[in-house]
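Trainee: Feature list, courtesy of TrEMBL:
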- 101-275: domain 'G-protein coupled receptors family 1 profile' (DOMAIN)
- 26-45: transmembrane segment (TRANSMEM)
- 93-114: transmembrane segment (TRANSMEM)
- 126-146: transmembrane segment (TRANSMEM)
- 191-213: transmembrane segment (TRANSMEM)
- 225-246: transmembrane segment (TRANSMEM)
- 258-277: transmembrane segment (TRANSMEM)
């Protein structure tokens, strides 16, 4: 398939046409915040066996996801990307993005913890969590492989300027030297369906959780309600833009790049704050780690 393409590299226009220094500060601030927050969570969970693995995989996938789509023109000062690098970015972007399926696992975990506390340990055993996580990884691999197959089936023979800050199938469809109607339908049926179904499942699970809170105490309702609302905000910020981008035909709008910022930069930045740093178990584990560090420093 690569032999049919005359294009060996693409030029990414980036998010805006602002000076490089201004973009560099903006993206470095958000990227480093995402990176440090998730690495802190990963380190905490790895050193505390009491914490569950879904949060670990969410932080790991967010770290890889943000790194895979880091704007080259701002961070590397190079807007050119080779064809092979572009294909790798398409694969990694959809692979780690699809790992957000773990949000569904975390919603199920929250439901069982709130609604079935007496049966939580038996229902969410280590084996069950491992199977669900394996399904998420396999599903992400299958999804991203489909994206690569669709991308490699496109012939590129002239225009190579991508009006975006990372490689994705939607902007690449505009550069193809062929009719992309069928491929755009496959894109909607694949990425669009995954985003929509995941969003519906997550929203339904949180509605069930909120409905079940009527039988809890006022303090318990307040705590669970605060947690659920913050989770719903993250779900809407991530899946809302994804549904807008991937559930329509192969047409692009000037606002697409700014909308993409919400689920590629904004959501990844607040995920550690909402899903982990607001978790009492994670905060307690961090305090213990910090206390151990202070004690070890004093002993020296």
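Just so you know, glycine gets a Cβ as well, placed from its N, Cα and C.
A TrEMBL annotation is a machine prediction, not a hand-curated record.
Keep in mind that what you see is a predicted model, and the values were worked out from it rather than measured.
For each listed feature, how buried is it and what is near it?
Mentor: Taking Cβ pairs closer than 8 Å, the transmembrane segment (93-114) reaches residues 52, 54-55, 57-58, 61-62, 64-65, 68-69, 120, 123-124, 129, 132-133, 135-137, 139-141, 143-144, 147, 166-168, 191, 194, 198, 201-202, 205-206, 208-209, 212-213, 216, 224, 227-228, 231, 234-235, 238, 242, 263, 275 in its own chain, all 6 or more past its ends.
Cβ atoms under 8 Å from those of the transmembrane segment (126-146) belong to residues 52-54, 57, 90-96, 98-99, 101-102, 105, 108, 186, 190-191, 194 of the same chain, restricted to positions at least 6 beyond its ends.
Sequence-remote contacts of a segment are chain residues at least 6 beyond its ends whose Cβ falls under 8 Å from one of its Cβ atoms, and for the transmembrane segment (191-213) they are 94, 98, 100-101, 103-104, 107-108, 110-111, 114-115, 143, 147, 169, 220-221, 224-225, 228, 231-232, 235, 239-240, 242-243, 246-248.
When Cβ-Cβ distances below 8 Å are used as the criterion, the transmembrane segment (225-246) is approached by residues 97, 100, 103, 106-107, 110, 170, 187-188, 191-192, 195-196, 198-199, 202-203, 206, 209-210, 213, 256, 259-260, 262-263, 266-267, 270-271, 274-275, 278 of the same chain, each at least six residues removed from its ends.
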